[in-house]
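The following features are taken from Swiss-Prot:
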ACT_SITE  Cys116  active site, proton donor
BINDING   Lys22, Asn23  phosphoenolpyruvate binding site
BINDING   Arg92, Arg121, Pro122, Val123, Asp124, Gln125, Asp304, Ile326  UDP-N-acetyl-alpha-D-glucosamine binding site
MOD_RES   Cys116  2-(S-cysteinyl)pyruvic acid O-phosphothioketal
Amino acid sequence: MDKFQIHGNGPLKGEIRVSGAKNAALPILCAGLLTADTVALDNVPNLQDVRTTLKLLRLMGMQAEFDGARVTLNGADVNVLEAPYELVKTMRASILVLGPLVARFGEARVSLPGGCGIGARPVDQHIKGLQAMGAEITIEHGFIHARAKRLKGARVVTDMITVTGTENLLMAATLAEGETVLENAAREPEVTDLAHLLVKMGAKIDGIGTDRLVVHGVERLHGASHSVIADRIEAGTFLCAAAATLGDLVLRGVQPDILDTVLDKLREAGARLETGDDWIRLAMPHRAKAVSFRTSEYPAFPTDMQAQFMALNAVAEGTARVTETIFENRFMHVQELNRLGADITVEGNTAVVNGVPRLSGANVMATDLRASASLVIAGLVADGETVIDRIYHLDRGYDRMEDKLSAVGAKIRRIA
């Protein structure tokens, strides 16, 4: 099992090109199921979750080629309408094939999902929405089985904001008969990116970027070309690493406007920031000031950046309160950060971080994707050697992280 070996050694300096967004790429790949034509995608990150999704699509009969950051999909020969447990258990996003399969083929069998161990992420909102659109759904033997001759437009109000739920129902609605209104829709940039691809494929969608999506169903969708948006979480992770190490870092290929809350918190911590159309520069002249925040749905502070800011706060001046409102169980990195010398206590869904002047290297274990990233940041500022076990979590969401960090001065390497 691979590990990272890190020696803390001063500031990160240089340039990093940010990869495409995992959380946009996965639904966009699944959208290829909606048409028999070819869909060509650029800026696709080379990640474990992307490779798992392509494996699942090929299993269904999809032709899928992955060359560099370009993926070419053709769904003309899709004939297996099932997502088996063996693949779904490793990646919750597999549920995203449900909507497209029911919409185009009238049937789908999808195993109940697995993935990160950070609490309940119920799929009941997906099921509720598809039922409102006329699908007959049963759950038996660990599978969701959905059937519909043709989905019918409906007004769907989800009980909570759900990103994958919005994406699944949005894809399903594109081929439904009549008008579908998705109320309380997720507004994340990755949802917007999916909607832009669907429009290129011939879908009729109003309200893109808002919490009310109106979809006028069409008979069929056609092929299209699309470039996946930059990964705002990868960008935020590298910015936190630069801030923690008192670095001077330029990120290329990013969209600063979808990172507003993260950039605001970095400024509050004392970072100097400059931005252009597709770049961000961060310089950190002194030890960070502790910053308090609470996670919430976009455009508020993203839960996927909570752990990385926890690592920054661990070595900041002062005390920060970090409140997690999206997922339960999302403080599993606290115990590992404390092994490195951090002073963090958890009270319910809030962590209190008392900044310390320095951390010291130790052996730690990654527990989920973003927790892994927080341990990398902590390792970069810790005295001595830090070894992070179970980095397979990290490989699910970061494209060649060690290579990108090494190129800007980090002493980090992958060991078996």
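Please read every residue number as a count from 1 along the shown chain.
Positions of Cβ are set from backbone N, Cα and C atoms, glycine also.
Arg92 (UDP-N-acetyl-alpha-D-glucosamine binding site) falls within a helix when secondary structure is assigned with DSSP.
Rounded to a whole number, the C-alpha distance linking Val123 (UDP-N-acetyl-alpha-D-glucosamine binding site) with Lys22 (phosphoenolpyruvate binding site) is 20 angstrom. Long-range Cβ proximity for Pro122 (UDP-N-acetyl-alpha-D-glucosamine binding site), meaning a same-chain Cβ under 8 A and a gap of 6 or more residues, is found for none. Geometry remark: Ile326 (UDP-N-acetyl-alpha-D-glucosamine binding site) versus Asn23 (phosphoenolpyruvate binding site), CA distance 16 Å. Rounded to a whole value, the Cα-Cα separation of Lys22 (phosphoenolpyruvate binding site) and Asp304 (UDP-N-acetyl-alpha-D-glucosamine binding site) is 12 Å.
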